[in-house]
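Peer 1: What follows is a structure written as structure tokens; I'll ask about it next.
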Amino acid sequence: MTDAPELARMRIDYAGRPFDVPDLAPTWHEQLAVWLEEAREANLAEPNAMVLATADPDGTPASRTVLCKGLDSGGIAFYTNYTSAKSHDLNRTRVASVTFPWYDLHRQVQLAGRVERCSEAQSDAYWATRPRGSQLGAWASAQSTVVAGRNVLDQALAGVTTRFDGVERIPRPPHWGGWRIVPWQVEFWQGRGDRMHDRLRFDIGRDDRWTVRRLAP
């Protein structure tokens, strides 16, 4: 490995306020909503961005950033192309994890669980909120496939733009929709001094009841 002493010296000392079980909201999704709102109020760029980790049946991992577009007691939702590499992984393994990395707040949330497709109605409702350009892009892009060049994408977009010219409401493509991650574990991490970070984890039991545990940093 290349010696990079400057990397070894890169660090900051976290000085977050104490974060303990009594500070938690009653449920994991309420606590996540609180932290999401605090990230938004702090003017972080895309506070709802999360790193989605998947694996194929052979265990080969992959990760990418997606946007959380739904949160309730049943899980979190994001939307994508159902023919993409991530969707192929999700279709075959039915599990995933995500991390919300709020670096400037010295916080992160990790969530792991099983996945399921959102209902047609849910996908339609979110689709209707997307800007027209994003809707056209979803029709134009065969996500994760190899293309010869940028011109191929530009031509595809021009083609669907012409196709839907004069169409007030562009329909949702059959290959596009939502995924919901239904968690069995959600960990809230907050940086503290001397690397003695606070880690509080919600775990669901076989009786569908959640318990909270503190983890060593």
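We count from 1, first residue shown onward.
Every residue gets a Cβ built from N, Cα and C, even glycine.
Among the features that TrEMBL reports, substrate binding site is placed at Arg11, Ile12, Asp13, Tyr14, Lys69, Tyr126, Arg130, Ser134, Arg195, Met196, His197. For Arg64, Thr65, Val66, Leu67, Cys68, Lys69, Tyr79, Thr80, Lys86, Gln108, Gln143, Ser144, Trp189, Arg199, the entry in TrEMBL reads FMN binding site. Sequence annotations record features per position, and here TrEMBL assigns domain 'Pyridoxamine 5'-phosphate oxidase N-terminal' to 37-161. Taken from TrEMBL, the feature domain 'Pyridoxine 5'-phosphate oxidase dimerisation C-terminal' covers 176-217.
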Peer 1: What is the interatomic distance between the Cα atoms of Tyr79 (FMN binding site) and Lys69 (substrate binding site), given in whole Å?
Peer 2: 7
Peer 1: Using only the Cα atoms of Arg64, Thr65, Val66, Leu67, Cys68, Lys69, Tyr79, Thr80, Lys86, Gln108, Gln143, Ser144, Trp189, Arg199, which the record gives as binding FMN, return the largest interatomic distance in Å, rounded to a whole number.
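Peer 2: The FMN-binding residues span at most 36 Å between Cα atoms.
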Peer 1: Distance between Arg64 (FMN binding site) and Arg130 (substrate binding site) at the Cα atoms, whole Å?
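Peer 2: About 21 Å separate the Cα atoms of these two residues.
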Peer 1: How many Å lie between the Cα of Trp189 (FMN binding site) and the Cα of Lys69 (substrate binding site)?
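Peer 2: That separation, Cα to Cα, works out to 22 Å.
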Peer 1: Would you list the DSSP helix, strand and coil counts for the residues of the domain 'Pyridoxamine 5'-phosphate oxidase N-terminal' (37-161)?
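Peer 2: Taking the domain 'Pyridoxamine 5'-phosphate oxidase N-terminal' (37-161) as a whole: 46 helix, 43 strand, 36 coil.
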Peer 1: From the DSSP assignment alone, can you count helix, strand and coil residues within the domain 'Pyridoxine 5'-phosphate oxidase dimerisation C-terminal' (176-217)?
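Peer 2: Split into helix, strand and coil, the domain 'Pyridoxine 5'-phosphate oxidase dimerisation C-terminal' (176-217) gives 3 helix, 28 strand, 11 coil.
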Peer 1: Three-state secondary structure of Arg11 (substrate binding site) from DSSP?
Peer 2: coil
